[in-house]
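TrEMBL lists Glu402 with the feature active site, proton donor/acceptor. Taken from TrEMBL, the feature compositional bias 'Basic and acidic residues' covers 91-100. Here TrEMBL flags 147-156 as compositional bias 'Polar residues'. Per TrEMBL, the feature domain 'MYST-type HAT' maps to 226-503. Residues annotated as region 'Disordered' in TrEMBL: 70-100, 140-172, 188-219.
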Amino acid sequence: MTDSSVEIVEGCRLPVLRKNQENEDEWPLAEILSVKDTLGRKLYYVHYVDFNKRLDEWVTPDRLDIKKLQFPKKEAKTPTKNGLPGSRPSSPDRDVKRKAESVSLASQVSAVTSVPSLPSSTEVSQASVYPAVREAFSTKSREDEQLTSITTNGTTRRILPSQPGRKRKNCGTDEMIKVFQYNSPRNASGCLPPGEDSQDSSDGIPSAPRMTGSLVSDRSHDDIVTRMKNIDCIELGRHRLKPWYFSPYPQELTSLPVLYLCEFCLKYLKSLKCLQRHLTKCNLRHPPGNEIYRKGTISFFEIDGRKNKTYSQNLCLLAKCFLDHKTLYYDTDPFLFYVMTEYDSKGFHIVGYFSKEKESTEDYNVACILTLPPYQRRGYGKLLIEFSYELSKVEGKTGTPEKPLSDLGLLSYRSYWSQTILEILMELKSDNGERPQITINEISEITSVKKEDVISTLQYLNLINYYKGQYILTLSEDIVEGHERAMQKRHLRIDPKCLHFTPKDWSKRGKW
């Protein structure tokens with residue numbers, strides 16, 4: 001569908017043919033990032049607009065719809081304010097505040113005055129929670145209160161009728177919020193955690209970029225080179241991997257059809273012959289560092305980014321092929337790396353890893369986290385997350401991952417938080433015939449999940465409701481059944497008895 005008389009240049013936009021998940025043809029809008037000649041034939045590197053960058057690819061001219069070609073627009077000059085040239089555009093902080101105000105205003109406009117709104121994170125952070133209760137409302141309570149119902153996000157929620165002059169109060173952190181479980185089934189599509197195939201990646205208002213750690217959150221000014229995948233294929237042990245993103249491997253290696261890595265030390269080599277020679281000299285059959293966990297074939301190794309700098313840098317280069325939101329640079333000294341491996345007769349094969357700062361003022365227990373593509377969708381991602389929280393439990397801290405999370409990372413964390421919190425709520429037992437009680441702070445202490453993540457998860461699952469002047473958690477049978485089904489599929493779990501880990505106080509160790 002191309003016209004040889006029209007020159008397609010970088011920055012042009014046009015529909016490009018691709019296959020979707022159902023293997024059907026579709027024509028999404030794409031931007032041309034680069035053009036190259038290969039054996040007299042032009043190839044175009046395209047980014048599909050509103051799609052993740054990992055889907056970017058080189059395409060042939062026959063996949064372009066030239067009839068709908070859009071040429072790049074000239075960049076407009078920065079608008080002036082009050083006649084002064086070069087006035088700065090609004091800062092990201094102001095944009096965030098405006099966005100927060102617009103969200104708050106929209107929620108106020110859409111709310112019914114007679115219905116107390118769901119608590120914000122700030123309100124609930126000062127509230128506490130009653131545990132899950134398996135019995136339904138009694139008939140008497142339904143008769144005493146004339147409950148009406150509304151529909152929110154596809155789910156029916158029971159609410160109190162309006163009462164003039166009644167104000168919603170803020171709860172203290174040690175007060176309890178009752179949790180009811182409805183026996184009557186309801187549509188829980190808005191309550192249940194999403195499946196792994198879900199592409200929901202919304203995480204509220206973006207926070208301002210951090211200047212420390214491994215975070216690079218503002219990618220709008222990326223160089224055109226770093227927006228393009230530069231490695232075609234990586235051979236790692238018995239697997240061949242197709243990178244998703246740019247990784248700063250040496251320039252001379254980017255033109256190779258295959259980049260070979262030693263799966264034990266992660267050294268990169270330019271040919272299979274070089275790899276074979278390297279393997280005769282490489283004595284490693286597992287990652288360097290200390291093995292701090294082993295159960296069955298699964299092991300975890302703790303690696304100091306200062307003591308094992310070369311391995312850590314090679315690990316970061318490999319990880320950057322599959323991580324876009326965060327970048328750990330060559331300064332690995334302030335970081336610890338926890339590499340998960342699977343053991344067989346040939347050695348310990350890397351499955352995934354996460355890194356964390358030795359000293360984090362924001363209580364981050366994960367900087368970067370990755371399960372390699374051959375091991376994804378097999379439960380290893382949740383195992384990595386669970387292990388990070390087990391370390392936090394030993395350290396006596398609550399932890400949270402560094403933000404922003406990638407779309408896949410957000411799904412994994414939401415799923416883990418949901419299952420972990422529901423597991424706590426459903427295992428609580430009543431005392432003296434009364435409903436069991438628990439606070440948000442207690443959930444946070446038991447799980448080592450930071451209080452803000454507990455609150456956001458409860459809100460995401462639509463468990464928090466306002467009833468009789470206080471916040472309650474309501475668990476429907478659909479949520480309970482969905483949670484039980486999910487837990488039956490979760491075969492891989494961390495056994496704290498197999499963890500041999502002694503936390504270090506890095507603040508007393510000088511320069512790490």
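The backbone N, Cα and C atoms fix where each Cβ goes, and this holds for glycine too.
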For this session: Check Glu402 (active site, proton donor/acceptor) against DSSP and tell me helix, strand or coil, would you?
Result: coil
Exercise. When the pLDDT values for the domain 'MYST-type HAT' (226-503) are averaged, what is the result?
Worked result: 92
For this session: Measure from the Cβ of the residue listed as 'active site, proton donor/acceptor' and count the other Cβ atoms within 10 Å, all protein chains considered.
Result: 25
